[in-house]
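Per TrEMBL, the features are as follows:
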DOMAIN    1-367  domain 'PTHB1 N-terminal'
COILED    375-402  coiled coil
DOMAIN    439-531  domain 'PTHB1 GAE'
DOMAIN    534-641  domain 'PTHB1 platform'
DOMAIN    643-746  domain 'PTHB1 hairpin'
DOMAIN    748-823  domain 'PTHB1 C-terminal helix bundle'
Amino acid sequence: MSLFKARDWWSTVLGEKEEFDQGCLCVADVVNSGQDKIIVGSYMGYLRIFNPHPTKPGDGVQAGDLLLEVQLREPILQVEVGKFVSGTEVLHLAVLHCRKLCVYAVSGTLGNVEHGNQYQIKLMYEHNLQRTACNMTYGPFGGIKGRDLICIQSMDGMLMLFEQESYAFGRFLPGFLLPGPLTYSSRTDSFITVSSCRQVESYKYQVLAFATDADERQENRNRKETEQQKLSSGKRLVVDWVLNIGEQALDICIVSFNQAVSSVFVLGERNFFCLKDNGQIRFMKKLDCSPSCFLPYCSVTEGTINTLVGNHNNMLHVYQDVTLKWATQLPHVPVSVKVANLQGLRGVIVTLSDSGHLQCSYLGTDPSLFQAPRIESREINYEELDAEMKQLQKIIREATKTQDILPECERQKDLIVVAEVSPELDAESQAIDSEVKAEAVPSVTVKITIQSRVTAQKPKLAVCVQAPLAVTCDQFVFDNLEPDASETVVLSVFLKGNCPPSELEGNVVVSYSTPTELNPEGILKVAQCKFRLPLRLICFPAQPSKTANHKLTIDTNKPSISLLTIFPDFADQSEDDQSNVLGFQFLTGSKITLLVSKTSQRYRIQSDQLEDLWLITNELTLRLEEHFKKQNCKDFMCTFSGSIPLQEYFELIDRHFELRLNAEKFRELLSERAVQFRAIERRLLTRFKDKTPAPLQHLDTLLEGTFREVIALADAAEENQVNVFQAFTKLKSATHLVVMLISLWQKLSTDQVAILEATFLPLGQDTQELGWEETVDAAISYLLRTCLSKNSKEQALTLTSELCIPKDTSRLKKHITLLCDRLAKGGRLSLSTETTTQQTVVMPGGCTTIPESDLEEGTIVPGTNHMYITKQKSKPEYRKKHRSQE
């Protein structure tokens with residue numbers, strides 16, 4: 001048995017296929033014997049009274065536990081026990097039917113035989129109701145002592161009050177739609193209910209009593225009717241106080257453990273509330289599960305109230321005010337819960353389900369009877385334990401040392417996607433709505449084949465290329481694919497925007513579902529593949545240029561290869577001069593020149609724009625690796641020993657950041673002009689609606705001028721948005737180039753290059769809310785405080801979790817420069833938690849590392865002419881030591 005299950009003390013199942021609800025359970029001393037009895041009524045009309053006395057906890061019902069079982073003719077809606085008979089203070093039983101209220105006296109007769117005592121009920125009086133009843137409440141209405149009066153709420157919103165054997169009066173609740181829970185507060189002498197407007201309403205008994213009917217004639221005609229019940233509606237009542245709780249209520253209880261303080265508890269659909277007498281909220285508690293019933297009761301702690309809350313998860317929670325003190329599991333969903341004193345056992349929890357499962361339980365835990373067996377003593381081989389420990393530690397280190405940025409995708413076996421790019425450009429271009437200002441915009445055909453090995457339901461294909469590239473059709477939807485079936489689609493890719501792209505790669509993603517026995521609708525899966533577009537798609541051969549603003553030199557460890565061999569699609573085989581120099585021109589107009597050294601193993605790429613060097617440099621390295629791979633040369637390697645062009649790279653960052661700031665200014669100006677435009681419109685509309693003509697006072701001129709300003713600002717913002725996109729594309733190209741040069745300069749591994757790319761290229765699309773500058777700055781700061789940190793003090797620094805647009809780019813440029821310096825000192829890029837120790841090394845090309853003290857005072861990247869001056873000064877001891885080393 002689980003630790004938090006309710007301890008079963010006594011339980012039984014009532015009848016067969018009977019239904020029960022909230023008011024069908026009552027716990028009271030109905031036979032006036034000094035001990036509580038359990039009274040249960042059902043919708044089938046059965047009335048049962050139990051007196052449980054199990055010989056041991058968990059026993060089922062015995063013959064002597066059922067004191068009385070009688071079947072009444074009508075369904076039982078609610079049972080209550082109180083002083084309902086005049087002339088005596090003995091407790092009697094009130095049973096509410098749909099159209100009748102009956103009050104019984106329960107008595108017992110000592111038995112002379114072994115069957116025990118006998119109990120019977122005697123009808124004291126009954127009231128035939130003219131309206132269908134919903135629920136009832138009782139209490140000393142009007143402050144009367146020694147007896148209880150009964151108030152019944154009908155389904156149409158009428159409160160019918162009975163002074164024991166006689167009918168008193170009836171009043172309609174104002175604004176009634178559906179009946180809600182009803183209770184009586186003896187301290188304030190008022191009735192409290194929850195209306196269909198989701199409001200807790202309180203009505204004074206005196207207000208109900210002194211309200212008169214609207215039609216006195218109707219009252220006179222009905223005076224002769226049984227119990228003088230009125231069929232007409234009464235005067236509208238005045239509510240004492242109202243509280244909107246925003247949800248329907250399941251039950252209401254009044255808790256008053258002393259005469260000074262009383263509380264009104266309301267159980268809602270998602271919360272339960274504790275209110276004061278005047279309707280103010282004392283506290284409320286949001287429930288995690290949908291409740292089914294509740295019961296407030298006294299607490300051992302002064303000033304607090306305990307509450308039992310049952311929910312539809314078969315759980316019973318015990319709250320002390322708003323604090324959850326205990327949770328116990330029940331075998332059923334309770335619709336009513338009570339607390340009883342049975343057989344001298346105080347605090348027995350009595351629960352009833354809608355199917356008739358009646359249980360008496362208590363809270364507690366059972367002691368564990370399990371005892372661990374004694375293990376056999378044996379000698380410990382410490383050598384074997386040490387060897388096993390070393391092996392496990394080695395496995396842990398290997399697992400934490402290499403961590404991928406992205407999880408590796410499982411190899412798709414159910415569905416295979418293959419993308420084939422045509423080696424030749426389309427004879428007739430398929431470019432649509434291209435913004436490129438060129439004579440002809442070429443396109444290339446991509447053939448995508450999907451082959452399914454299983455049944456694939458609702459496959460959808462999407463083709464993604466980096467803007468400004470575009471495709472003629474990027475989405476395809478197929479019918480269900482049978483096993484070994486295939487589908488083929490053909491599309492064309494072309495340059496749409498008026499700027500070179502940052503990547504020539506595309507991605508094909510296919511989403512589909514595979515049905516299973518347990519899930520016929522299918523399990524969603526994804527298959528994908530990548531394809532590379534030809535360089536001829538965005539550029540064409542041109543005349544080489546001798547002069548250029550930006551030059552890069554790539555070193556190799558193999559003899560230089562003729563450009564006729566590397567770029568056969570751009571070079572003219574009949575011209576020998578193109579074996580060492582080749583010119584490229586983008587469709588947007590930029591020119592790039594590629595030169596090969598005849599004597600050394602170097603390749604030079606030069607252009608007037610830094611970002612234009614990326615695609616040609618990347619294409620050169622890829623084609624060189626492919627060329628030597630075909631010759632089975634495995635030790636081919638490219639290196640870079642020149643200067644990292646940080647100065648030009650920072651100019652592109654400043655340009656992009658300036659356009660982002662302009663976009664923010666345009667947005668603010670547009671917002672101001674829009675507010676002004678709407679205000680002028682409201683003024684004009686007021687003037688036009690006025691019956692008395694009045695001069696416009698140049699409001700029409702002001703409206704026209706504001707409208708022109710709004711249109712001009714919108715056009716400027718749209719133009720700035722285009723410029724931001726082009727600047728971000730150029731920035732991505734330059735970032736790719738810088739990452740590539742750093743990787744060649746430091747000879748980074750594949751994992752380290754992936755970390756560097758994820759740091760500098762975290763966003764595929766730049767937005768105003770989350771931009772490139774703040775994202776990259778946060779990523780670089782994380783690397784500088786983890787794997788590239790100098791000491792543990794830097795690792796202890798915490799990073800801000802909020803990313804917002806910075807004031808300027810000085811912090812970002814300083815961090816990029818510091819990142820390059822840390823890498824130059826031997827820093828290792830890693831995502832593992834282990835601290836890497838930086839070592840002073842000599843870099844290729846004669847570049848030596850920079851002392852950290854010099855970096856803090858003036859930061860210079862090896863081989864660059866860019867420097868940052870900071871206010872922080874180095875320690876004199878460190879500088880003195882460094883000079884002595886020199």
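Keep in mind that glycine also has a Cβ here, set from the backbone N, Cα and C atoms.
Remember, TrEMBL labels are computer predictions, not curated facts.
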Per DSSP, what is the helix/strand/coil residue tally across the domain 'PTHB1 platform' (534-641)? 29 helix, 31 strand, 48 coil
Its residues classified by DSSP, the domain 'PTHB1 C-terminal helix bundle' (748-823) shows 43 helix, 0 strand, 33 coil
For the domain 'PTHB1 GAE' (439-531), jot down how many residues DSSP puts in helix, in strand and in coil. 0 helix, 57 strand, 36 coil
Rounded mean pLDDT for the residues that make up the domain 'PTHB1 N-terminal' (1-367): 85
